[in-house]
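Trainee: Pasting the relevant annotations from TrEMBL:
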- Glu150: active site, proton donor/acceptor (ACT_SITE)
- Cys107: substrate 1 binding site (BINDING)
- His125, His127, His200: Zn(2+) binding site (BINDING)
- Asp275, Glu277, Asp470: Mg(2+) binding site (BINDING)
Amino acid sequence: MACCGGATASAAYVEGEAVREARELVAELCRHFYLQGWVTGTGGSITVKANDPAIPLADQLIVMSPSGVQKERMVAEDMYVMSADGKLLSSPVSKPWPNKPPKCTDCAPLFMKAYLMRGAGAVIHSHGMETCIATMLDPGAKEFRMTHMEMIKGIKGHGYRDELVIPIIENTPYEYELTESLAEAIAAYPKATAVLVRNHGIYVWGDSWINAKTQAECYHYLFDAAIKLYQLGIDWTTPEHGLLSSAKRPRSVLSSGIPNGCSDVKPSKQCVVLDIEGTTTPISFVTDVMFPYARNNVRKHLISTYNSDETKEDIKLLRIQVEEDLKNGVVGSVPIPPDDAGKEEVINAIVANVESMIKADRKITSLKQLQGHIWRTGFESKELQGVVFEDVPQALKHWHASGTKVYIYSSGSREAQRLLFGNTTYGDLRQYLCGFFDTTTGNKRETKSYSEISQALGVDSPAQILFITDVFQEAVAAKSAGFDIIISIRPGNAPLPEDHGFRTIKSFSEI
């Protein structure tokens, strides 16, 4: 990262623990919000104050995410650091093609309005679909209003019976052109903690990142509720939530002939979560192609990338895992010497451990992350090409067209998952996928992992999620979390217990 001249903050503060933690926090939140659909397509942005209890909030440094980047792939070093009055203090270094030259978020002047006018500790700019549609329910409205909804209590200064009022400003071709209208809305609505931008998104602020995140989640929930109530012909703006007047009701409701606009068609699942091995992809491809490629190329990869930050992080994770394995007496584990023992000694130890882990088919993050980086080289060089069952592409297209969101949950790293689906014999299938989960979410045989996914997807009930896997223990864990389950029966899959009690399919075309 580069520190800019003219900075009034000390170098110790800029490079200190508070700023480092703020950088990491922004990267973490962007990954989380990406899964919610708030910052996809490089849109949206987040900024937080670098929390140092010794420094007043108004004087704390500001960390902002960059513009035009894949938000789910950002790391701490990608962030910009600014003084409390918006002067640039530190910017990231350029990355190789195809990455764009670094550029601070276009939201910066708007973020500064929330910091300076409201004393915010964090600001979130979301492009969530709900925030756009909520501004279209009444195209001429200058405000979004709602009352008597439980989640209104999550908005600062509001209770269940209060009326929530959010100003709506009109969109402009360029983000910075919104600055003055946003400032006017902030001044005109002193109780508001958010401003909607029509056909665009929302700006939400709070006195801390936790407060801003909590309110953003509540706002998205309330917008989603308003949209659904609108579709049902129910008025969300009045305490009794009666029927909308005919002038406000959507045409589909007026012509349905069904009381209250309710449909007699049962809704389909909102989300589908897919396993990979034995579900979308033959187990043989993983065991006979992917694993051998990683095993045969681990030494070559480590030698060629040993001094890169990415590989240093991979080695760090492997050290932690191996130390734990040695304490637990895991067979095949050998100590990894310190860096000063020399590159060759370190690599030899890592190769020995990785080969043992692969042989044991261990589902651990440190191994999967390194494998993903090795496989990336293979896919980029066309030595590897992803394989899926022939019924998978059509099913993904069908779900996508019907509005069902599809996610992947695999023990392989998220990067490995994206590589596989982005480079299949049927082309790039990532366009039909909404997100990826790996073992950083949790063990696939533990119920809490699926509860985490349910929370991340934001469904009203876990039963709205269909999980398809070939592993009985995963099915049991997901069912315990409330998911609907189908077990995939594919060639080469392990046999299931008798009387397992789950629905099975041999092809996605049966769903």
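Using the three backbone atoms N, Cα and C, a Cβ is placed for every residue, glycine included.
TrEMBL labels come from automatic prediction, so no person has curated them.
Bear in mind that the values here come from a model prediction, so they are computed numbers and not experimental data.
Situate these features within the shown structure.
Mentor: Residue environment of Glu150 (active site, proton donor/acceptor) contains 11 other Cβ atoms, counted within 10 Å of its Cβ in all protein chains.
Other Cβ atoms within 10 Å of the Cβ of Cys107 (substrate 1 binding site), summed over all protein chains shown, number 26.
Cβ neighbour count for Asp470 (Mg(2+) binding site): 22 (other Cβ atoms within 10 Å of its Cβ, all protein chains included).
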Trainee: On a simple 10 Å Cβ count over all chains shown, which one of the binding-site residues His125, His127, His200 is most densely packed?
Mentor: His125
Trainee: Nearest by CA distance to Cys107 (substrate 1 binding site): which of the binding-site residues is it, out of His125, His127, Glu277, Asp470?
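Mentor: Nearest in space to Cys107 (substrate 1 binding site), counting only the binding-site residues, is His125.
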Trainee: Apart from Asp275, Glu277, Asp470, which residues in this chain have a Cβ no more than 8 Å from the mean position of the Cβ atoms of those residues at the Mg(2+) site?
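Mentor: Other same-chain residues near the Mg(2+) site: Ile276, Gly278, Thr279, Thr280, Thr281, Ile283, Ser410, Thr469, Val471, Glu474, Ser488, Asn493.
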Trainee: Might you list, by sequence position, any residue in that chain lying six or more from Glu277 (Mg(2+) binding site) with a Cβ less than 8 Å away from its Cβ?
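Mentor: Once residues fewer than 6 apart are set aside, Glu277 (Mg(2+) binding site) is near Ile283, Val286, Ser410, Ser411, Asp470.
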Trainee: Out of His125, His127, Glu150, His200, point to the one nearest Asp275 (Mg(2+) binding site) in space (Cα versus Cα); all of them are recorded positions in the record.
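Mentor: Checking each of His125, His127, Glu150, His200 against Asp275 (Mg(2+) binding site), the shortest Cα distance is to His127.
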Trainee: Within 8 Å of the centroid of the Cβ atoms of His125, His127, His200, which other residues of that chain place their own Cβ, given that this set defines the recorded Zn(2+) site?
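Mentor: Counting only non-site residues, the set is Gly43, Gly44, Ser126, Gly128, Thr131, Val197, Gly201, Ile202, Tyr203.
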